[in-house]
Amino acid sequence: MIIGVPKEIKNNESRVGMTPAGVFELVKNDHTVYVQAGAGEGSGFFDQDYQQVGATILDSIKEVYALSDMIVKVKEPIAEEYGLVREGQIVFTYFHFASSEALTKAMIASKSTCIAYETVEDEEGTLPLLTPMSEVAGRMAIQQGAKYLEKPAKGRGVLLGGVPGVAPGKVLVLGAGTVGIQAAKMAAGLGAHVTIVDVNMKRLRYVNDVMPSHVVTEFSNEFNIRKLIKTHDLIIGGVLLKGAKAPNLITRDMLNEMRPGTVIVDVAVDQGGCVETTKATTHEDPIYIIDDVVHYCVANMPGAVPYTSTVALTNVTLPYVLKLANMGWRSACNLDKSLAKGLNIVDGEVVYHEITRAFDWEPVLA
Ligand SMILES: NC(=O)c1ccc[n+]([C@@H]2O[C@H](COP(=O)([O-])OP(=O)(O)OC[C@H]3O[C@@H](n4cnc5c(N)ncnc54)[C@H](O)[C@@H]3O)[C@@H](O)[C@H]2O)c1
C-alpha cells in the first residue's frame, strides 16, 4: 500500500502522524511511504530522518494526497484539505465529526473511508488512541499549575513541594481517571499533598492501593468539594462523563470560597469543563482570572509538547496503521473489532450512529 503523511496545517499543530520508527516498520513490510517535506519538523523529526528509513519526501501536500492509498495524520482535515481527499482513500486521524457538520459533509462528498482515532474502542470500553493524550495532559496539568501558582504569574505564591519547615502545597484532583491519576502522580512526585475525588469507588480503591500516603481519596460530592476548595492551592479538573458535557463540580459562587491566587487547571475543558466559569483558552493566552482565581483552560494541552505527544500517539496508532496497510481496511476491520469501531464514514456513507444523531440526520442503516 502507499501511505502518505502530510504536514499538519491546522493552527498551532506541531505533531505529525508518523515518526521515522513507523516508516521503518511500514517499509519493512514492503509498503511505500510518502512524507511531506518538513512534516515532522515541529516534533523534532527531520526529512533526512525519514529518508534514512526508506520514506520518499514530497514537496507539496497535494502530491501526498494525490499519490497515497491511505493518509495518516493527527488532526481532522481542515477546509483547505477537503478537496484533496480522494474517492476510495483511507484517512486515519482524529476527526471528532460530531463537532463539525462542514467536515462531515466534505468527507461524505469525497467518498473516502474515514477511520477516527477517537472512536477506536477496546473490549473494556476504553479508547486506546485517546488515552496517551490524557496521560500527557494530566502530567502537564501539574507543570502548568505549579507555574501559575507563582506570584508573578498571579498565583498564591506557593511552592508545591514546600521546603523544610514549610508545608507543601495542596492539590485537589477532580476525577480519578487517566488525567486525574497522572496529575496526582506528578503532584505527589513533587512532594505536594494530594486529594483525589471520584464517584467511582473502584477508581478510588485503586488510587488508594497504588499511591503514596500523601495522596488521599475522598468521595466526590458537593459537600466534600465545597470543603476541599477552601484549603487547596491547585485544582485539576479531570472529570469525564462519556459522550456528555462534563458536570459543573465547581460553580461560580464557589470561587469566593477559594483563597485569592488559587489556580484551576480545567483539563476537561474540551468537554465543556467541570468548572462553571471555564472557557477555552489557547497556548498563546492560556489563563484568565475571575474573582482572584486563576483559570488555565487550554483545550489542546498536548500541542505544547509535540515531541512527547507525537511519540505517545504514534506508539498506539502504528499497530493499527500496519494492520490497515497489510490487510486493507475491510479485512483489518473484520478481524479487529476495536479498529472497526473507528469506522465513521465508508466510501462516503456515514456508518457511525453518533454522527447522524449529532446533526439530526436520518439514522444510519444497520
Ligand atoms: N485539555 C486537553 O488538552 C485534554 C487532553 C486530553 C484529555 N482531555 C479531557 O480530560 C477529560 C478527562 O479525560 P480522562 O481520559 O481522564 O477520562 P477518564 O474517563 O479516564 O476519567 C474520568 C473520570 O471522571 C470520573 N467522574 C465522573 N463523574 C464524576 C464526578 N461527578 N466527580 C468526580 N469524578 C467523576 C469518572 O469516574 C472517571 O474516573 C476528558 O474530558 C478529556 O477529553 C483534555
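One is the number of the first residue shown, and numbering goes on along the chain from there.
Each Cβ is built from the backbone N, Cα and C atoms, and glycine gets one as well.
Note: TrEMBL annotation is automatic and uncurated.
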Completion exercise
From candidates S213, S220, S309, TrEMBL puts in the same NAD(+) site as S134, D198, R203, V239, L240, V267, A268, V269, D270, V298, A299, N300, M301 the residue S220
Handout entry: Listed recorded positions adjacent to ligand 1, that is, members of K75, H96, R203, V267, V269 whose C-beta is under 6 A away
Key = R203, V267, V269
Problem - Cα-Cα distance, maximum over S134, D198, R203, S220, V239, L240, V267, A268, V269, D270, V298, A299, N300, M301, record's NAD(+) binders, Å - result: 26
Completion exercise
The mean pLDDT across the domain 'Alanine dehydrogenase/pyridine nucleotide transhydrogenase N-terminal' (4-137) is 96
Practice task
Could you check the binding-site residues R15, K75 and say which one's CB has the most other CB atoms within 10 Å?
Solution key: R15
Completion exercise
DSSP puts the residues of the domain 'Alanine dehydrogenase/pyridine nucleotide transhydrogenase N-terminal' (4-137) at 52 helix, 21 strand, 61 coil
Exercise for the section: Let me know the DSSP-derived helix, strand or coil state of D270 (active site, proton donor/acceptor), please. Expected result: helix
Fill in the blank from the handout: In this structure, the one of the recorded positions H96, R203 whose CB has the fewest other CB atoms within 10 Å is H96
